[in-house]
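Feature list (source: TrEMBL):
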- 1-13: compositional bias 'Basic and acidic residues' (COMPBIAS)
- 24-40: compositional bias 'Low complexity' (COMPBIAS)
- 75-408: domain 'Major facilitator superfamily (MFS) profile' (DOMAIN)
- 1-63: region 'Disordered' (REGION)
- 69-89: transmembrane segment (TRANSMEM)
- 109-128: transmembrane segment (TRANSMEM)
- 140-163: transmembrane segment (TRANSMEM)
- 169-190: transmembrane segment (TRANSMEM)
- 197-220: transmembrane segment (TRANSMEM)
- 226-248: transmembrane segment (TRANSMEM)
- 269-291: transmembrane segment (TRANSMEM)
- 297-315: transmembrane segment (TRANSMEM)
- 322-343: transmembrane segment (TRANSMEM)
- 363-390: transmembrane segment (TRANSMEM)
Amino acid sequence: MADEAHVRRRQGDVESLPDEAIATETTTLLNSETSSRTLRNGSPAGSSGRGRDSDGEEDHDAPKQHIGAARAVVLMISVWMLIFLQASNTSGMTMTQSVIAEELKAYEGAMWFTSSYLISMASLAPLFGRLATIFPPRYLVMPLGGCFAVGGVITATAHSFWVLIFGRIVTGMGGAGIMTLSVILVLELVDKKRRGIFVGLVNAGFTIGLSFGAVVYGALLPVIGWRALFGAQTPIGILAGLGAFLTIPKTLSSEQETKAQGRSVTQKLARIDYAGAFALVLTISLFLYGLSGDIQYLPILLSLSGLALFVLIEFKVATDPIVPIAILSSRGVLFSCVAQLFFMSIRWTLLYYTPIFVLAVRGYAPAIAGSILIPTNIGFGSGGLIVGWLHVRRNGAFWLPSVVALSC
């Protein structure tokens with residue numbers, strides 16, 4: 001009887017919550033208040049089926065913001081240019097790092113040309129996601145393009161190893177928020193039935209950047225040199241950032257930002273969980289630093305301590321956590337992240353070392369070495385489009401397709 005009373009009491013608590021306070025598959029991902037009420041097992045509360053609201057009525061598919069066709073095309077091109085810069089900075093460096101290492105006399109540190117960029121990008125991505133819930137995306141896209149521009153100038157003019165690494169870190173800061181911003185724009189500007197294919201287009205843009213970035217860098221390296229290749233990122237970054245800034249609607253903002261419209265910039269900045277952000281960036285940086293090159297166990301162990309500190313801050317100290325508590329305590333999120341960690345490790349190992357192998361071992365020309373990734377990336381890009389177009393639009397769960405895809 002006590003158990004039945006407890007169940008009824010829990011059901012009454014869920015029913016008493018307002019509709020907008022219950023996290024469902026149809027609520028925005030930018031609303032941390034709703035996500036904090038997601039059940040710990042990862043399944044949404046108060047959701048009886050896809051495409052229906054909490055009252056059981058059909059949910060309309062209309063996007064939250066409407067923009068014209070011409071404006072949408074300019075926005076897509078601008079965002080794709082930023083995505084191309086983000087991806088090509090990885091594959092392109094594999095084509096140029098031997099030449100750069102020879103000129104800077106930095107053979108032993110050549111691996112850091114790419115690692116510094118990836119560590120900067122990976123460690124700052126969660127922080128950018130949090131900023132996107134506080135400030136409108138329109139005002140975040142210009143700093144991203146600016147980081148690409150400044151990082152390109154520093155890298156192109158570097159005459160020492162450490163200056164080049166600093167330029168790569170600044171460039172990584174620009175790449176940290178590109179994918180997050182792209183997904184936010186899809187969620188806000190595209191109706192629900194077409195979101196899958198547009199997310200697929202985002203991923204396709206990334207794979208195109210990986211594939212053709214290596215080809216472009218490999219083909220142009222003997223012609224114009226590596227400094228001009230990285231210097232060209234400056235006008236592209238400025239143009240893409242400005243294009244996205246001018247085409248993103250002024251009214252586009254997260255639900256969190258909408259509620260805080262009366263607050264000043266200082267008050268908005270005060271909402272950021274700085275201690276948690278520092279602990280998270282430190283954890284990711286130490287972990288990736290320990291794995292770069294020769295395995296270093298001390299940074300990896302320190303990263304575990306940083307992770308424990310981050311979780312403690314989020315649960316006990318932060319009033320507005322950088323990562324919602326429900327996400328940190330969700331078993332489904334944990335397993336999904338672990339699966340993605342292994343999957344992406346395999347993918348990036350293939351993408352990073354294949355061009356190096358054919359350059360160093362097979363002795364192929366840089367352009368041919370870059371093109372070796374085209375078949376693989378065609379599979380990545382087309383797979384995302386097909387899944388988004390044919391599969392994600394249907395109702396139901398995606399557990400079995402995910403298992404099959406990851407097994408392949």
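A Cβ is built for glycine as well, from the same backbone N, Cα and C atoms used for every other residue.
Those TrEMBL annotations? Automatic predictions, nothing curated.
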Long-range environment of the transmembrane segment (140-163) - Cβ separation under 8 angstroms, sequence gap at least 6: 82, 85, 104, 106, 109, 128, 131-132, 169-178, 181, 227-228, 230-242, 244-245, 248
Contact check, the transmembrane segment (197-220) vs the transmembrane segment (69-89), 3+ Cβ pairs under 8 Å, seq sep 6+: yes
Taking a Cβ cut-off under 8 Å, which residues six or more beyond the ends of the transmembrane segment (109-128) line up next to it in the same chain? 86, 89-90, 93-94, 97-98, 100-101, 140, 161, 164-165, 168-173, 175-177, 179-181, 277, 280-281, 284-285, 288-289, 292-293, 322-323, 352
List, by number or range, the same-chain residues at least 6 past the transmembrane segment (69-89) whose CB is under 8 A from its CB atoms? 117, 121, 141, 144-145, 148, 171-172, 174-175, 178-179, 181-182, 185, 189, 201-202, 205-210, 212-214, 216-217, 233, 236-237, 239-244, 246-248
Spatial neighbours of the transmembrane segment (297-315) far in sequence, C-beta under 8 Å, 6+ residues away: 273, 275-276, 279-280, 282-287, 289-291, 321-323, 325, 328
Residues of the parent chain within Cβ reach of the transmembrane segment (226-248), under 8 Å, 6 or more residues beyond its termini: 67, 71-72, 74-75, 77-79, 81-82, 85, 89, 92, 96, 99-100, 136-139, 141-153, 155-157, 167, 171, 174, 185, 217, 220
Report the mean pLDDT of the predicted model across the domain 'Major facilitator superfamily (MFS) profile' (75-408), rounded to a whole number. 82
